[in-house]
Amino acid sequence: MGKAKFERNKPHVNVGTIGHVDHGKTTTTAALTKISADKGYGTKYIAYDEVAKASESQGRRDSTKILTIATSHVEYETENRHYAHVDCPGHADYVKNMITGAAQMDGAILVVSAVDGPMPQTREHILLARQVNVPSVVVFLNKCDLVEDEELLDLVELEVRELLSKYNYPGDDAPVIRGSAINAINGDPKWVAEFMKLYEALDSYIPEPVREVDKPFLLPVEDVFSITGRGTVATGRIERGIVKVGEEVQLVGYNAEKKTIVTGVEMFRKLLDEGQAGDNVGLLLRGVDKKDIERGMVLAKPNSIKPHTKFHSEVYVLTKEEGGRHTPFFKGYRPQFYFRTTDVTGTIELPEGMEMVMPGDNVQMTIELIIPIAMEEQLRFAIREGGRTVGAGVVTKILA
């Protein structure tokens, strides 16, 4: 048989397994690669031991370069899509991964043992998925071969659906597949058939993500300089969207509201007609003084993003071993919050009844910055003091 050709024409979707410890996330991940490989979709089977070997050495640095998170990355194909799949070895790795967005998820596969039903981490992972806005959750009830009573399975399924609804996922509509990952890996046709249903659920239920280039233009300003006789240039990496010569853009953040026209796009000292997501560019701006623009502002499609100062967030506080604080902090703590390219001072409010936050905790807190920053929900940030990173967070709700 010839080598299966890798087709790049299938849509690419990022997913991950979530759920309680020992409910079978890693075995499910291995099974997803095995059955896809057996079907001849050009996937490589990654056995349990390989998936479980996920270590910090192959872990992802998150985008804010705060933490190395132990994650295992595998890929597999279905008839319609190519999936990149992340599996984390430990609960703490999940918390860090989801808060920092190190491995983005367009959808999650919630693995629940049919023997135990939902457990504390099942809840916590659903809550985290909701907080960081994972758009959809597909449920895989694992170890169904160990439950003889069909009614017990119905009960577990009902419990999981209610839990999803509690955290504002459509619990009644979510696909729930009843399977056995280990038996599917061993080739038992009954359980392989259930994995075919799981692929189908992933393909039909998880919406195809909007590509970064199709989103409204945004560039965080890293540096600014003047070119005599030509004007002011702002440099940075385009976070999303496309910018073309002659288009209007808006400065946002630091109380700037100015709109301007892009008169030139430069990359590697060459002039381009346009720059797109991922490009490091210099944008020549009409009628803008060097003093009007500074690092920390963003250039964006007009009216696509607003400046804000106050928001709810989900935060992970680094442990001492991760280079974080050695001691707890209390309400009224005033660190710097690093957004995109700059530090801004702010104060924190802790949830009612919470006196202090210990290193290693993840906590919901309200933050108020001293100057407005271009912000939207799901924006990631770092918490720093004296140039040292002590926490990682995500904006969950904008207040002001």
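Placement of Cβ uses the backbone N, Cα and C atoms for every residue, glycine included.
Cross-referencing 10-13, 14-17, 142-145 with Swiss-Prot places the feature region 'G4' at 142-145. Range with Swiss-Prot annotation region 'G3', chosen from 87-90, 375-378, 387-390, is 87-90. Region 'G1' is the annotation Swiss-Prot gives to one range among 19-26, 75-82, and that range is 19-26. Confidence in the region 'G2' (66-70), given as mean pLDDT, stands at 69.
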